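Colleague: Before we start, here is the structure in question, set down as structure tokens.
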Amino acid sequence: MFPYLMKKEEFATNEYPLFVVPIMEIQLLSQKIIELSSTITDLANDLPDVAHQQFYNEQLFNAIISTNEIEGIGTTRKDVAVAIEALNKDKKEKLKHKSTVRMYLDILSEDYLNVTELTHIREIYNALTSGEIEDDDELDGELFRKNYVSIVNNQNGKIEHIAPGKEETIKEMLLSWIHFINIENVPFLIKASLAHYFFENIHPFYDGNGRTGRYILSKYLSRKLDKFSGLIISKKINEDKNKYYKAFSDTGNILNKADGTQFVHTILSFIIKGQYEIINTLSEKQEMLYYYHQKLQDSSFTDIEATILFLLIQSQLFVSDFEASINDNELLNLLQHTEYSQRSLKQTIKDLENKKTLIKVAKRPLKHAIVEEFFDYSTK
């Protein structure tokens, strides 16, 4: 893979092959990432089903909001929640971010992302950005763009990168990228990082390059590590965009002669920071869940009340706001094959509302949540 390199805001050459020096720190980071992924999997598997799904949803929200925010696209949690609901109910209406949400939901399926032809790249791009690209940025080549684009630093106005301008050149570079991602003699974390850099260096589209590149990276890491480690990469890049762009710019500087070591190190450091965040959050939430489970057992709540409340605790505890918690219909569906009738469950929800244990937070669809006063867990 021969990236386009820059010298003082101008294209310099593409005669140097992209490479990495397997320094000890990269090897240690790679080893630690694999170990932490195993820890995350064990922690997540210990969660009850609702808690596990809600924690995944929370990471999904963060990933989509972050990947769009990097591109300057404003996305709210409600936008994502509405899109998820529409997809789950197979609604045909056009919604903002629906394409992006659909693709990120696919990460949960753990299907292999098979990219062996140029058309596969275009298909990923189409599915990810459908209805979200401005008319001026629509592709004008057979599969990709056919005119020059450059990446400009918004802070100082300097040209950071000039991408190849001819579609034939783009195709040639992407074919070498496809070959690289399918070889098996490169450690997968180094491969993922270098492939991500080279894809962004090619910049095959007018708009949506970053979103497409990060999706491919997330999908790959989710399969090779775990879905949580894969999803959090966009969030960590978004939190430290300057570090990411500096690594990209430095790698593309002619003086470094396509040395991708710094970029690989940067990506691995983002992954490992995200993993520690996931582990800390999961550990804390598990402690809280155990505490509230004991609180229910020691309380005067009836069995049916405690059952409802424990599901709602899972629903609320593992997401950051009510927008992503389960509604009454979803709650009833979860308890459909239990000893409790739907009528008795609905009545119990009303009773808990009358007791001021639950509060109605939405009407359409009807949704109840546990009052804040119930959540008295303290780390002290």
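Any Cβ shown, glycine's included, is placed from N, Cα and C.
When I checked TrEMBL for this same protein, it listed these features:
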type	residues	note
DOMAIN	116-266	domain 'Fido'
ACT_SITE	His203	active site
BINDING	Asp207, Gly208, Asn209, Gly210, Arg211, Thr212, Gly213, Arg214, Tyr244, Tyr245	ATP binding site
Colleague: Please list, in sequence order, the residues in the chain of Tyr244 (ATP binding site) that are at least six apart in sequence and whose C-beta is under 8 Å away from its C-beta.
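Modeller: The answer is Ile237, Thr266, Phe270.
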Colleague: Have a look around Asn209 (ATP binding site) and count the other CB atoms within 10 A of its CB, chains all included.
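Modeller: Taking every protein chain into account, the count is 21.
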Colleague: Which residues in the same chain, at least 6 apart in sequence, have a Cβ under 8 Å from the Cβ of His203 (active site)?
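Modeller: Same-chain residues close to His203 (active site) (Cβ under 8 Å, separated by 6 or more) are Val149, Ile151, His161, Ala163, Pro164, Asn209.
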Colleague: State the mean pLDDT for the domain 'Fido' (116-266).
Modeller: 92
Colleague: Mind giving me a neighbour count for Gly213 (ATP binding site)? Other Cβ atoms within 10 Å of its Cβ, every protein chain shown.
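Modeller: Cβ-Cβ neighbours of Gly213 (ATP binding site) within 10 Å number 22.
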Colleague: For Arg211 (ATP binding site), what is the tally of other C-beta atoms lying within 10 angstroms of its C-beta?
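Modeller: There are 24 such Cβ atoms around Arg211 (ATP binding site).
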Colleague: Would you count the other C-beta atoms found within 10 angstroms of the C-beta of Asp207 (ATP binding site) for me?
Modeller: 18
